[in-house]
Amino acid sequence: MATLMNLCEIPAALSPEGYGSNFVNPASMAPALIGVIAVTTLWAIVFTTARIYMNSRKLGWADWLNLIALLHSISILGIEGTPCFFDAKYAQGIYIPAVLLQTGAFFAKASIFLLYLQLFTVRRPMRIAIYAGITFSFLLYGVGVAVATYYETPRAGEKWTDVLDGRTLIPLPWWQAQSALSVALDVYIFILPLPVVTKLKMPLQKRIQLVAVFSLALGGIASSIASLVERIQIAHAYDQTWISAILSLCSAVELNVAIIVGSAPAFAGFARSYFIDSTVVRRLLSSISLTSKAKLYDSEAPLEYQKNTNENHSAKIYHQYYELNDVGTVRMELKPDEK
């Protein structure tokens, strides 16, 4: 009877000079990888849940695509890892997350583009720019799925273990090119609505609030840039598996940030309706404003005058929080200046 070899005791690569393989307590990216992805996925769930709740009576394509992207993210988190680098589960664990990250990124970013159509009354050039962004996203991530399928799946008559002969290594030039294009796409998503926002017929404070909501996209840009840097460094890395874990982390964070950005306006409306505008918060704000205002006036001032000024001050504070409600409405009645 042949002796079965424990594949988990075979090093994934030769150890550097002066070091040996450590199978007892090796350094691991697992805690950071699982922790960061779990936290960002949780926030994506919270934001998407608020979005679906706020738009439950008028769900559109943007909402459904965002939900599909979230399901991709949850699926990635739930994929069981494997301690071995030579079995079928490991080979499948390379391919499946790669496809889910690609398709999930497309759904999340297409959802953001469709959200732009819902949020603003836009002119034809803006609509063309939005549809161009959707098309570019489809081509970028569609080609990514095709490349992953070509290099990371068995041919006819092969087993999953047969692809572990080095063929699963996607060419670095493609990795780096796609990462650079992904950075460009994220920057495009961030700057696309800015010209429209600057021309909206709304107070400056509301414009700043609206820009602040979409500034969450900066997190996605940062993740894309980090991924690009790691894909450049991996060409000169001795342990590519370590950097691959960092790449997985950056890609998952980028996906979750895109989901959060797409749901941010609806989440802002949810927060305003159920938290900021709640009776408790309004009473607290009113109490604070009355107390602070009373200190500014002489105690001998006419009572009626103090009452009127305090009421006006409270209304002003409430108005400041009311501005957030417009950001959370899925179909805003906001039109650009025609000037």
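Here, residue 1 is simply the first one shown, and the rest follow in order.
Backbone N, Cα and C define each Cβ position, glycine as well.
Straight from TrEMBL, the features:
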- 29-52: transmembrane segment (TRANSMEM)
- 50-268: domain 'Rhodopsin' (DOMAIN)
- 64-82: transmembrane segment (TRANSMEM)
- 94-116: transmembrane segment (TRANSMEM)
- 128-151: transmembrane segment (TRANSMEM)
- 179-198: transmembrane segment (TRANSMEM)
- 210-229: transmembrane segment (TRANSMEM)
- 241-268: transmembrane segment (TRANSMEM)
Best-contacting stretch, by C-beta pairs under 8 Å, relative to the transmembrane segment (179-198) and drawn from 29-52, 64-82, 94-116, 241-268: 94-116
Contact call for the transmembrane segment (64-82) against the transmembrane segment (210-229), three or more Cβ pairs under 8 Å: no
Intrachain residues whose Cβ lies under 8 Å of the transmembrane segment (210-229), provided they are six or more past its termini: 112, 176, 179-180, 182-183, 186-187, 189-190, 193-194, 197, 200, 202, 246-247, 250-251, 253-254, 257-258, 260-261, 264-265, 268, 327
Cβ-Cβ under 8 Å with the transmembrane segment (241-268): same-chain residues at least 6 beyond its ends: 12-13, 29, 32-33, 36-37, 40-41, 43-44, 46-48, 50-51, 54-55, 62, 66, 69-70, 72-73, 76-77, 85, 97, 101, 104-105, 108-109, 111-112, 115, 119, 182, 186, 189, 213-214, 216-217, 219-220, 223-224, 226-227, 230-231, 233-234, 324, 327-330
Per-residue pLDDT averaged over the domain 'Rhodopsin' (50-268), given as an integer: 82
